[in-house]
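Novice: Would you mind keeping the following structure in view while I ask a few things?
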Amino acid sequence: MAHLQLSAVAGGGRPAAAGGGGDEMEDVRLLDSYDEEMGGGAAAAAAGEEEEAHVRVTGMTCSACTSAVEGAVSARRGVRRVAVSLLQNRAHVVFDPALLKVEDIIEAIEDAGFDAEIIPDTAISQPKAQKTLSAQFRIGGMTCANCVNSVEGILKRLSGVKGAVVALATSLGEVEYDPSVINKDEIVEAIEDAGFEAAFLQSSEQDKILLGLTGLHTERDVNVLHDILKKMIGLRQFDVNATVSEVEIIFDPEAVGLRSIVDAIETGSNGRLKAHVQNPYARGASNDAHEAAKMLHLLRSSLFLSIPVFFIRMVCPHIPFIRSILMMHCGPFHMGDLLKWILVSIVQFVVGKRFYIAAYRALRHGSTNMDVLVVLGTTASYVYSVCALLYGAFTGFHPPIYFETSAMIITFVLFGKYLEVLAKGKTSDAIKKLVELVPATALLLLKDKEGKYTEEREIDALLVQPGDILKVLPGSKVPADGVVVWGTSHVNESMITGESAPIPKEVSSAVIGGTMNLHGVLHIQANKVGSETVLSQIISLVETAQMSKAPIQKFADYVASIFVPIVITLSMITFLVWFLCGWVGAYPNSWISGTSNCFVFSLMFAIAVVVIACPCALGLATPTAVMVATGVGANHGVLVKGGDALERAQNVNYVIFDKTGTLTQGKAVVTTAKVFSGMDLGDFLTLVASAEASSEHPLAKAIVEYAFHFHFFGKLPTSKDGIEQRKEDRLSQLLLQVEDFSALPGKGVQCLINGKRVLVGNRTLVTENGVNVPPEAENFLVDLELNAKTGILVSYDDDFVGLMGITDPLKREAAVVVEGLKKMGVHPVMLTGDNWRTAKAVAKEVGIEDVRAEVMPAGKADVVRSLQKDGSIVAMVGDGINDSPALAAADVGMAIGGGTDIAIEAADYVLVRNNLEDVITAIDLSRKTFSRIRWNYFFAMAYNVVAIPVAAGALFPFTRLQMPPWLAGACMAFSSVSVVCSSLLLRRYRKPRLTTVLQITVE
């Protein structure tokens, strides 16, 4: 069959049709007739992705034949439009590739009794606009900031790559790229060419999934899998990788579910193939374990070979019998020297091969790293020893040989790297603990033919789909975010929110995936699964934060870029100074009595300088601390979006609090309703509730709730036929018809009821619209405001009707948190759109002197900028949509976790628990973190500043002690481990409690 050519077409596009008349004219079935026949259904469906195919149809003799072809093709699911030309023997079909394949079109025509084949070179390709994708890769072999800079530089130079961020501590890289220019395999190849290991983890594509397979052993198994997937409707593309037993599938989630794909694979293969979703976080953990195991294997191999070398050099010469054996000749060489040469060669070029490969690739790309230093030091020692051995073999004069130096350096470096891998693994414990919260399985309830749930099926929790009804047993984890549809229980949400008290759950209660059901059986309907769950978003947020770079990291990046060249230069200077001084007799020969000459004496100093220098400690100082801190913050309900936010928060001078929902509980309650006209109170409440019912503001909800209870309190919730009514149904009976509703931010709402204008809002709203407020109402309003209550004024047909008093209780911890901030040297500010009297009354209760009232949402950002003018660092704490401009404008935005998605998106911190204590925790944690980072930098710098001169022999004239190169290598290995361990001390962080918060002082 000819090669298929497809093209994407716009939803409403139609191919041109020839027209004419008479028997000679072409009989064309226009697409319009198909649209009419389908009642517009195809047109509506055409909004999705479409492709078109041109098919040659033979055997048609009349218009009845064209109708038969049209009918056969149209009957197939996924066909959008079809036009058949009798004279041209051609059919033009527009279809959804997710629901239908070209082979199905051919089959439909042939089943109708005609021959069909695809016409090549007739379809004009119209490629889709490719979106930018974000992919995550695990990158192995990075040891310092220079490695990170090297990988980032290579990635950013790739054609099609829009941006790249690489994190040393997590060994992860995130790449934003254009899939039409470059694919993930090419990105992996580029990273590997640079001397690092790379593996793809996950992509931002929502309709792509990676399945792991068991039972995929032979080519027959692969063919079976291909046949199964080809027959599935809804699959756009798949790629089977038999080597690693994985299949990557791009599918239409509206046409087919993930569970259906897995079931089809297992059923179609008669159970020979088992499919499971590859969890990228679990793969990351397994990669960590694999890296540690690989490093341990290299270390064991190196120890197995190096220990005999050490004994031959240090111990055996003192045992006469063994010494006599080692001094025996094997050709021109002593047996001991030959054994050391063989053993060390294996260590140098087999065990140490990774250093050579990494160093070569780094140099090839114009960068330098720790591997370059290790290779230089060990190679210099090895080459000298080989030359000395050969020189002694052919001249009879045997200079000292230092084979053990290169072997011991490699061994100690591997030991240090192994400890570093283990320590770095500890820094990601927070992510691992969050991943462990994800349940492995879920109990899916299945319906019978009558629609009743009669059967249970245990499935992989990753296969849960939106709308599934799941059974949650006591003591088991909630498998996905959802809503309780049956049952009551208490759920422990402390692992997500930090709240220790169990939360009661009943019908309509929201539940969070990963939380623990304590007692009672629940049936829940899943509404968010996979990457959309709260737990997945927290994991993603923490992981993103750990990948981000704090601005202070730029210092380490700069030092790393020049570190290795400087060290090599210092090593050469060290060699030349000692060698030239020895050449001219500037120091006595007794200093080099243990060596053959000043050349070897100087070379040992130079090698020690090369291998003792450690760029890794500098590179790990910031990312490991940030990684631990973000994990610790997540454990305490404080989610940090990046190292830059951590760095800014340590220097916060002002914390601005939004009033409603931040300082207050956000649970407004109507305390007073007073009418100042002849209107009945019930009618007044109905009027106000009708106007506010369309608003999402907390005060509006309080007003509607108050009116509902006023009218229905004590009345049985039943209708005339005795059936219980829902609250929504009863409320709809109460409310009046509203027209032209509009919410006025910072003022209130206005609408038309019975054709007359209704205003519900603050004093500004009614006075701006020319409504006169009587003196008695004004006095009543002032009394409300002086008692920290918000007054809501109501007018109907431009006449003042009445007002309502609303209070929003303060959070219990608000006053103590404000006092604690003052003790920390932070100035609290309250910002609100409420009137001045109410604002000042609330501020007085919590102890805030700086109040900004009657501020519109847009003006909140202006207040932030005004405080920033003198260079102050400003933090903003809020929860609503109207806070998002101020959150974005602030140096540090903190969104209350119960707030809106927009506010959370604009913030730098998310306070999951909706508790103001966490504002103090966020600032205190950032201060502790950067105190630790500064200590890490001090240690890393001090180590190199002190160690390099000592290795260069600065103390030798006074102590007569020369640092052996292998000992220098050990020092280098342990320096980076010590920095990681220093960062791990942040795991001991304990957040300030309300009982001790007042003891906090400015650091």
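Heads up, the Cβ atoms here are built off N, Cα and C, so glycines get one too.
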Novice: Looking at the ranges 81-101, 396-416, 690-710, which is given as transmembrane segment in Swiss-Prot?
Specialist: 396-416
Novice: Which one of 6-25, 206-225, 726-745, 766-785 shows up in Swiss-Prot as region 'Disordered'?
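Specialist: Swiss-Prot lists region 'Disordered' for residues 6-25.
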Novice: How many whole Å apart are the CA atoms of Cys144 (Cu cation 2 binding site) and Cys65 (Cu cation 1 binding site)?
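Specialist: Each residue's Cα considered, Cys144 (Cu cation 2 binding site) and Cys65 (Cu cation 1 binding site) end up 73 Å apart.
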Novice: Within a 10 Å radius around the Cβ, which one of these binding-site residues has the most neighbouring Cβ atoms: Cys65, Cys144?
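Specialist: Checking each of Cys65, Cys144, the winner is Cys144.
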Novice: Which residue counts does DSSP yield for the domain 'HMA 1' (51-117) in the helix, strand and coil classes, in that order?
Specialist: 22 helix, 24 strand, 21 coil
Novice: To the nearest Å, how far is the Cα of Cys147 (Cu cation 2 binding site) from the Cα of Cys65 (Cu cation 1 binding site)?
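Specialist: For Cys147 (Cu cation 2 binding site) versus Cys65 (Cu cation 1 binding site), the Cα atoms are 69 Å apart.
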Novice: For the transmembrane segment (302-322), give me same-chain residues lying six or more residues beyond its boundaries with a C-beta closer than 8 angstroms to one of its C-beta atoms, as numbers and ranges.
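Specialist: Residues 336, 339-340, 343-344, 346-347, 351, 403-404, 407-408, 410-411, 414.
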Novice: For Cys147 (Cu cation 2 binding site), just count the other CB atoms lying within 10 A of its CB, please.
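Specialist: 28, counting other Cβ atoms within 10 Å of Cys147 (Cu cation 2 binding site).
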Novice: Are there three or more C-beta pairs under 8 angstroms joining the transmembrane segment (331-351) and the transmembrane segment (599-619), sequence spacing 6 or more?
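Specialist: Counting Cβ pairs under 8 Å (6 or more apart in sequence), the transmembrane segment (599-619) does not reach the transmembrane segment (331-351), since there are fewer than 3.
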Novice: Tally Cβ pairs under 8 Å between the transmembrane segment (331-351) and each listed stretch (372-392, 396-416, 562-582), then give the stretch with the top tally.
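Specialist: Between the stretches 372-392, 396-416, 562-582, 396-416 has the largest tally.
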Novice: For the transmembrane segment (372-392), could you work out the same-chain residues 6 or more beyond its ends whose Cβ comes under 8 Å from its Cβ atoms?
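Specialist: Residues 333, 337, 341, 344-345, 348, 352, 355-356, 359, 362-363, 398-403, 405-406, 409-410, 413, 564, 567-568, 571, 600, 603, 606-607, 610-611, 613, 615, 965, 969.
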Novice: Quickly jot the same-chain residues contacting the transmembrane segment (966-986) by Cβ under 8 Å, restricted to those at least six beyond its ends, or write none.
Specialist: 143, 374, 377, 404-405, 408-410, 412-413, 415-417, 419-420, 423-424, 426-427, 607-609, 611-614, 616-617, 620-621, 624-625, 627-629, 632, 928-929, 932, 935-936, 939-940, 943, 947, 951
